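Inspection log for the structure reproduced underneath, given as structure tokens.
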Amino acid sequence: MPAHMLQEISSSYTTTTTITEPPSGNLQNGREKMKKVPLYLEEDIRPEMREDIHDPSYQDEEGPPPKLEYVWRNIILMALLHVGALYGITLIPSSKVYTLLWGIFYYLISALGITAGAHRLWSHRTYKARLPLRIFLIIANTMAFQNDVYEWARDHRAHHKFSETHADPHNSRRGFFFSHVGWLLVRKHPAVKEKGGKLDMSDLKAEKLVMFQRRYYKPGLLLMCFILPTLVPWYCWGETFLHSLFVSTFLRYTLVLNATWLVNSAAHLYGYRPYDKNIQSRENILVSLGAVGEGFHNYHHAFPYDYSASEYRWHINFTTFFIDCMAALGLAYDRKKVSKAAVLARIKRTGDGSHKSS
């Protein structure tokens with residue numbers, strides 16, 4: 001792939017910023033520079049944002065990893081939550097239809113708070129959102145209860161920059177269970193604290209809405225993740241409190257959590273690597289179904305600045321559909337999308353041969 005790429009930006013707020021190849025006159029110059037420019041610096045179209053670009057210069061120190069320090073509070077609470085979710089499954093046949101629809105609705109909205117909000121907007125800056133959309137996404141993110149946006153984005157940027165090392169919060173080289181949920185049940189590796197603490201998070205520190213959520217996160221999550229989804233079915237259509245709590249709240253919350261976690265575990269262990277065979281992330285359609293579009297993970301790690309997190313936009317990608325709808329309403333803009341030429345060049349250079357164009 002050429003070392004330099006140009007942006008085509010229209011004055012319209014609904015435009016998509018596209019990475020394109022340089023004019024033909026620059027091809028030879030581009031090839032010469034390719035020899036000098038590291039792969040991880042070639043392709044970013046956000047000069048103001050580099051904290052999520054993989055840094056291959058960082059390597060784990062030799063020697064045995066530190067002993068795991070279990071966080072028993074998290075272990076007990078997570079176990080109880082999953083037991084509650086299993087009981088919720090048994091209550092599904094006797095639940096009211098409105099309760100099930102409410103659970104699905106709450107699942108989708110809270111999932112968007114992670115995918116369109118914490119992930120594609122605030123972690124990667126792949127598009128921009130006007131205030132009404134940012135307010136919606138911060139509320140949806142609070143509904144999901146997966147840490148506040150600031151902490152989620154810091155961990156995720158570290159995951160990309162130091163992927164598959166001890167500085168990666170959910171390093172998949174430590175196994176499926178660790179990358180899925182185990183990383184939340186133990187103290188963070190010292191490298192995660194060290195490297196994560198050095199990341200530039202000034203963009204989020206400067207965003208008042210993100211800092212407001214962080215300041216009031218505990219009461220916010222109690223209201224939006226637990227109290228509201230339980231009270232609405234109970235009060236509005238006479239569902240039993242038991243069904244409201246265990247189906248609408250515990251089961252729904254557990255499903256959203258595991259859908260997100262599968263991106264960290266299954267999508268780093270199972271699937272093809274059509275864009276870059278040198279990284280662990282994979283294309284996993286089943287993960288995309290549950291995580292509303294986040295399973296095209298080899299593409300996402302190859303091009304973390306693409307707002308679609310996929311080559312194919314709406315294909316099994318409800319999050320991209322949502323962002324495009326918001327763009328049509330004028331609430332999302334400056335959506336960054338990698339050009340077809342750039343994608344094909346990357347496939348040819350580093351793909352595993354599984355792409356249909358190969």
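Just so it is clear, glycine is given a Cβ too, placed from its N, Cα and C backbone atoms.
What you are looking at is a predicted structure, and each value in this text was computed from that prediction instead of being measured.
The C-beta environment of ASN74 (substrate binding site), restricted to residues of the same chain at least 6 apart in sequence and closer than 8 Å, consists of LEU184, LEU185. Under DSSP, ASN74 (substrate binding site) is assigned to a helix (H, G or I) in the three-state scheme. Residues annotated as substrate binding site in Swiss-Prot: ASN74, ASN147, ARG154, ASP155, ARG187, LYS188, TRP261.
As annotated by Swiss-Prot, Fe cation 2 binding site applies to HIS159, HIS268, HIS297, HIS301. Secondary structure at HIS301 (Fe cation 2 binding site), as computed by DSSP, is helix.
The feature compositional bias 'Low complexity' is assigned by Swiss-Prot to 8-24.
Look at Swiss-Prot and you will find 8-33 tagged as region 'Disordered'.
The topological domain 'Cytoplasmic' feature in Swiss-Prot is assigned to 1-71 (among others).
Long-range contacts of the topological domain 'Lumenal' (93-96) within the same chain: residues 233, 237-239, 243, 247, each at least 6 residues beyond the stretch ends and with a Cβ under 8 Å from a Cβ of the stretch. For 93-96 (among others), the entry in Swiss-Prot reads topological domain 'Lumenal', with the evidence type similarity to another entry.
Residues or ranges marked as topological domain 'Cytoplasmic' by Swiss-Prot on the basis of similarity to another entry: 118-216 (among others).
Taken from Swiss-Prot, the feature topological domain 'Lumenal' applies to 237-240 (among others), supported by similarity to another entry. Taking H, G and I as helix, E and B as strand and the rest as coil, DSSP gives the topological domain 'Lumenal' (237-240) the counts 0 helix, 0 strand, 4 coil.
The topological domain 'Cytoplasmic' (263-358): residue composition by secondary structure is 39 helix, 9 strand, 48 coil, according to DSSP. What Swiss-Prot records for 263-358 (among others) is topological domain 'Cytoplasmic', and it gives similarity to another entry as the kind of evidence.
The transmembrane segment annotation in Swiss-Prot covers 72-92 (among others) and is backed by similarity to another entry.
Feature annotation from Swiss-Prot assigns transmembrane segment to 97-117 (among others).
The transmembrane segment annotation in Swiss-Prot covers 217-236 (among others).
The transmembrane segment annotation in Swiss-Prot covers 241-262 (among others) and is backed by similarity to another entry. Nonlocal intrachain contacts for the transmembrane segment (241-262), taken as residues 6+ away from its ends with a CB within less than 8 angstroms of a stretch CB, comprise 81-82, 84-85, 87-89, 91-92, 94-96, 99-100, 102-103, 106-107, 110-111, 114, 144-146, 180-181, 225-226, 229-234, 284, 286-287, 290-292, 294-295.
Straight-line distance linking the Cα atoms of LYS188 (substrate binding site) and HIS159 (Fe cation 2 binding site), rounded to a whole number, equals 13 Å. The CA atom of ASN147 (substrate binding site) is located 15 Å away from the CA atom of HIS159 (Fe cation 2 binding site). Calculated from their C-alpha atoms, the gap between HIS159 (Fe cation 2 binding site) and TRP261 (substrate binding site) amounts to 13 Å. Sequence-ordered, the extra residues of this chain that approach the Fe cation 2 site, with Cβ no more than 8 Å from the Cβ center of HIS159, HIS268, HIS297, HIS301, are HIS160, SER163, SER172, VAL263, ASN264, ALA267, ILE279, GLN280, SER281, ASN298, HIS300. A simple way to gauge crowding: the CB of HIS297 (Fe cation 2 binding site) has 28 other CB atoms within 10 angstroms, across all the protein chains here.
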